[in-house]
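**Q** Copying in the features that TrEMBL gives for the protein in this structure:
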TRANSMEM  20-36  transmembrane segment
TRANSMEM  57-80  transmembrane segment
DOMAIN    59-285  domain 'Sugar phosphate transporter'
TRANSMEM  92-111  transmembrane segment
TRANSMEM  118-137  transmembrane segment
TRANSMEM  143-163  transmembrane segment
TRANSMEM  175-195  transmembrane segment
TRANSMEM  215-237  transmembrane segment
TRANSMEM  249-267  transmembrane segment
Amino acid sequence: MRVSSRAPPCRSEAPTPLSPTWAALMITSTCILYVMKRWKIISFTVGEPYAASDGASLVPIGTLLHTLPLSLAYLLYMLASMESVRGVNVPMYATLRRTTVVFTMIVEYLLTGQKYSSSVVGSVALIVFGAFVAGARDLSFNAYGYSIVFIANFTTAIYLATIARVGKSSGLNSFGLMWCNGLVCGPTLFFWTYMRGDLELAMNFPYLYSPGFQAVMLLSCIMAFFLNYCIFLNTTLNSAVTQTICGNLKDLFTVGFGWLVFGGLPFDLLNVIGQGLGFVGSGLYAYCKLKGR
């Protein structure tokens, strides 16, 4: 279950465009939150009853300013993630991205002084070791590509740690954090795509007004909204490290599902062993969390 390293790295010479899809996602997310807030389906603050939620009262300016670090962290995470996929091949990208959990533990320690037990550190080490075993046959070193992926890991760690920290200090729940993030990032991304010319490219897309394309695009934005909500909720209720490991755990199911449905990938024992080690490490971490270690 691997992609041969003989394939060239997925890197292009043209600069990576900042896709208007990101702006569309943020705008769609903000619209969904606004409608749900107006209809008193949700609230934006912790402990506020939904039925008592005033649709005209959203988030104070002071609270919005308090969440600016979250918006900045999201923008950095998004830019670094988009650039990181260009420098290395897909297997090595997946391998290096799994080291994000190490960066997350470091950032949490620097921001909050969070320390972890030896069993948790051991489970994380097992996950990282399994990632490198899975990508052992695809080690094609590229200094620029590796550097960008590690920068993306670092910005991801900052983003998740900021969610956890701002979520505890702002009094906002997951919906409130997403609302503030969308208010800042949506217009910023829209303006940036306009300045780079990506918006004009999107408007000239031949299938832009096709009902099928619009339906798929809308469903993609809605699914991304629920995905972001799960990320915010899991990070605020648990921790940034837990969210990172959950992201690693889903890779096993993604690879297995893709192999069963699409096929065409050669069997590789090292890849299977590496995926298995990552799964065991994730399960060990979950066990340690349930036991309160």
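Glycine is no exception: its Cβ is also placed from the backbone N, Cα and C atoms.
Situate these features within the shown structure.
**A** Outside the transmembrane segment (20-36), and at least 6 residues removed from its termini, the chain residues within Cβ reach (under 8 Å) are 42, 58, 78, 175, 178-179, 181-183, 185-186, 189-190, 192-193, 198-199, 202, 217-218, 220-222, 224-225, 228.
Confidence for the domain 'Sugar phosphate transporter' (59-285), expressed as mean pLDDT, is 82.
Away from its own ends, the transmembrane segment (118-137) comes close to residues 2, 5, 91-92, 94-96, 98-99, 101-102, 105, 241, 245, 248, 268, 270-271, 273-282, 284-285, 288-289, 293 of its chain (Cβ-Cβ under 8 Å, at least six residues beyond either end).
Note on the transmembrane segment (175-195): residues 18-20, 22-23, 26-27, 29-30, 33-34, 36-37, 42-45, 58-59, 63-64, 67-68, 70-71, 74-75, 163, 166-167, 202, 228-229, 232, 236 of its chain, located 6 or more positions outside it, place their CB under 8 angstroms from a CB of the stretch.
Same-chain neighbours of the transmembrane segment (215-237): 21, 24-25, 28-29, 32, 160, 163-164, 167-168, 173-175, 177-178, 243, 246, counting only residues six or more beyond its ends whose CB sits under 8 Å from a CB of the stretch.
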**Q** Is the transmembrane segment (143-163) packed against any residues at least 6 beyond its ends, judged by a Cβ distance under 8 Å, and which are they?
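**A** Cβ under 8 Å, 6 or more out: 9, 11, 69-70, 73-74, 76-77, 79-81, 83-84, 86-88, 92-93, 96-97, 99-100, 103-104, 106-108, 111-112, 177, 231-232, 235-236, 240, 243-244.
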